[in-house]
Amino acid sequence: MAEAERIIGTPDIPDAAGEGQERPDADPEREQQEQEQAPERTRGKRRVAVLFAVALFAYLLDLGSKMLVVAKLEHHEPIEIIGDWLRFAAIRNAGAAFGFGEAFTIIFTVIAAAVIVVIARLARKLHSLPWAIALGLLLGGALGNLTDRIFRAPGVFEGAVVDFIAPKHFAVFNLADSAIVCGGILIVILSFRGLDPDGTVHKD
């Protein structure tokens with residue numbers, strides 16, 4: 001009798017080994033959905049890591065090149081790389097990429113900051129490797145020029161960007177500008193191909 005009462009009074013709960021009946025609040029469909037989404041979340045995290053790795057590489061390359069140019073080229077004669085066709089010459093640019101809009105330094109600073117915020121928001125839904133590379137180039141380039149605008153003379157948010165790559169019959173630019181242009185071109189190509197940042201493909 002005591003044995004029967006003990007059996008009847010024992011609740012159906014998992015034992016120490018994790019065995020027993022299923023929890024009343026368990027949702028098999030939800031658990032299956034979470035298991036299916038787990039690889040997708042992992043892939044998304046990897047794409048975000050690629051984005052920031054590309055951005056960091058572009059940013060450090062731009063920053064290092066500018067520091068070297070300021071130390072070795074500023075107030076010195078330009079260095080000819082390919083005759084007159086390509087030279088390195090230190091130029092302070094208060095405008096946008098390739099020397100455009102020098103009277104709107106603060107506006108371009110705000111635009112660069114807005115681009116960084118937009119990229120950070122897109123990163124949350126990023127599942128495409130090409131998009132990760134493109135956005136990483138944009139982010140690294142925007143950060144590179146924004147750093148100049150914040151920390152260089154004549155003042156905060158009005159600083160002049162250091163440009164030094166001077167092709168013949170073309171505007172002087174820097175590596176941050178190159179990263180921004182390459183990232184923009186890649187985004188245009190991806191958009192024409194119908195590939196979205198979340199990895200979905202649209203075919204017309």
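Including glycine, each Cβ sits where the backbone N, Cα and C put it.
Keep in mind it's a predicted model, so treat the numbers as computed, not measured.
What Swiss-Prot says about this one:
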- 1-42: region 'Disordered' (REGION)
- 20-42: compositional bias 'Basic and acidic residues' (COMPBIAS)
- 50-70: transmembrane segment (TRANSMEM)
- 100-120: transmembrane segment (TRANSMEM)
- 126-146: transmembrane segment (TRANSMEM)
- ASP163: active site (ACT_SITE)
- 170-190: transmembrane segment (TRANSMEM)
- ASP177: active site (ACT_SITE)
Of these active-site residues, ASP163, ASP177, which scores lowest on Cβ atoms within 10 Å?
ASP177
Any idea what DSSP makes of ASP177 (active site), helix, strand or coil?
helix
Quick one: Cα separation, ASP163 (active site) versus ASP177 (active site), in Å?
9
